[in-house]
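Trainee: Here it is: the structure, laid out below.
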Amino acid sequence: MLIISSIALIVIAWLCGTRRFIEAVILTRSFCDPLFTLSKLDDGGGMGLGASVNLAVIAVAVWCVLSRPQVRIAPVARMWGPFLLVCLVAVPFSPDPPTAFRMVLVLVSHAVFCLLPFYVVQNLEDLRRFLLIIVASSLVPTLTAFTQLALGLAQTEDGTRVQATFSHPNIYAFYLMVVLAVMFVLLAEQRFALSSRMRCALTLYIPVVLGLILLTKTRSVLAGTALIFLTYALLFDRRSLLYLLGLPVMIIAMPELVERFTDLQQGNYRDSYESLNSYAWRVLLWQSSLDWIAERPWFGWGLVGFPHYVAQFFPLPLANDTIDAHSVLIQLLFDLGAIGLVTFLWIYLSIFNVLKQLLRFDMRWSYLVISLMIGYLFMAYSDNMLAYLVPTWYMWFLFGGCWVALNGCRASRQEAKRLSRQREWNSSAVMTAPATASDVVQGAN
């Protein structure tokens, strides 16, 4: 089934064209998880239609690279290549090579969404279109979230936590943070030339997204959202601070939002009569893994090794004797060692350099994208961000679009310099041109 569905999607991409296929994936992927979950086969290693989409996207990217060799992708390869190579080398050393290889494909798909804008985005108008599609992709999850709230389906053991079409509230929260950053970018850049109706729609949609982020009760996302929001408010539109007036209403209507943060003041010690809070539990998990990390500090225990070995060093009982690291940093140190962590951080250092260079061309909205990147890394400290496939795709498409915008700015500057030199050369050529016969006769007269 996996092979057949992958081939079918590749054929659809070939018939519709790369651009239309990518637009369709971006528009619909955010609400397909429930369907893809139903399509998973136990005898196929948990793979279903979702894996087919991943393979089709990778295949489309490979076709783009082969069919358009004139597109310069070396910078993207230098950024992603070291990390992906380390992951690939770590597959044979993994305690579960098939799962490790699937993880490599997931990470490759992240890189692919950074690469695709080089083939489907030609100018700011194209970038605006794709960013609006990212925003449009949130409409179905938003309607689903409100339906869950209305029917009481958002009730969990932690109170009300919406997750919409995603498998966990944390994933939905990160997705909403990406959508919020995209909306702020669209509003901040005047050269996107949004219509007044579109600007009004985005402005009205922002408090809806902010409210849903609060209802996910994901603490790390709230911190990242605050950074993005304050960046926009302080640098672009101070009137947006008025959105904060709705915060007391949310707190009064849902006091459990405050309790979500005050919970961190309790359950910080393992020997107490109360259970550990979520952060203290994470800290205990990370501390328990340090001795194992120290045994293989450079290359780790193999990709996806942490959930395989965790039952041997974590002192508390675990469901099915396995769990993820709940920290990208710890996971990479355990699985890939210091080499893996350094190459991972190199990716974000490289994209930060791209975003910083955008500021030189008066692309001040790059500050918002930098805030999003910082928010992601903050979440990576305490969550399994490598498994957050869909929102990470959208984030990396935004990063890739920024890179294309930078290349466009550079090309425009070089063209302006070339034209300036051409005018100077033409002017000097006229000044130094030899006198004609008529000029000599006129001079004699």
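Each Cβ is built from the backbone N, Cα and C atoms, and glycine gets one as well.
Features from TrEMBL:
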- 209-345: domain 'O-antigen ligase-related' (DOMAIN)
- 48-66: transmembrane segment (TRANSMEM)
- 73-94: transmembrane segment (TRANSMEM)
- 100-121: transmembrane segment (TRANSMEM)
- 130-151: transmembrane segment (TRANSMEM)
- 171-190: transmembrane segment (TRANSMEM)
- 202-235: transmembrane segment (TRANSMEM)
- 241-258: transmembrane segment (TRANSMEM)
- 328-352: transmembrane segment (TRANSMEM)
- 364-381: transmembrane segment (TRANSMEM)
- 393-411: transmembrane segment (TRANSMEM)
Trainee: May I ask for the residues of the chain that lie six or more residues beyond the transmembrane segment (328-352) and have a Cβ under 8 Å from a Cβ within it?
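Mentor: Beyond its ends, the transmembrane segment (328-352) has Cβ neighbours at 75, 78-80, 82-83, 86-87, 90, 94, 285-286, 289, 292-293, 296-306, 370, 373, 377, 380-381, 383-386, 399, 402-403.
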Trainee: Which one, 48-66, 100-121, 202-235, 393-411, has the most C-beta pairs under 8 Å toward the transmembrane segment (364-381)?
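Mentor: If we count Cβ pairs closer than 8 Å to the transmembrane segment (364-381), 202-235 scores highest.
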Trainee: Should anything in the same chain at least six residues away from the transmembrane segment (73-94) have a Cβ under 8 Å from its Cβ atoms, list it; otherwise answer none.
Mentor: 65, 100-101, 103-104, 107-108, 111, 114-115, 118, 299-305, 335-336, 339-340, 343-344, 346-347, 350-351, 400, 403
Trainee: By Cβ distance under 8 Å, which residues at least 6 away from the ends of the transmembrane segment (393-411) in the same chain are close to it?
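Mentor: Contacts of the transmembrane segment (393-411) (Cβ under 8 Å, skipping residues fewer than 6 from its ends): 26, 29-30, 75-76, 109-111, 113-118, 121-124, 127, 130-131, 134, 137, 175, 178-179, 181-182, 185, 351, 354-355, 357-358, 361, 363, 366, 369, 372-373, 376.
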Trainee: Could you tell me what the rest of the chain brings near the transmembrane segment (171-190), counting residues at least six beyond its ends with Cβ under 8 Å?
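Mentor: Long-range Cβ neighbours of the transmembrane segment (171-190): 30, 124, 128, 131-132, 134-135, 137-138, 141, 145, 162-165, 199, 202-203, 205-206, 209-210, 212-213, 216, 218, 221, 224-225, 228-229, 231-232, 235-237, 363-365, 368-369, 371-372, 375-376, 379, 385, 388, 390-391, 394-395, 398.
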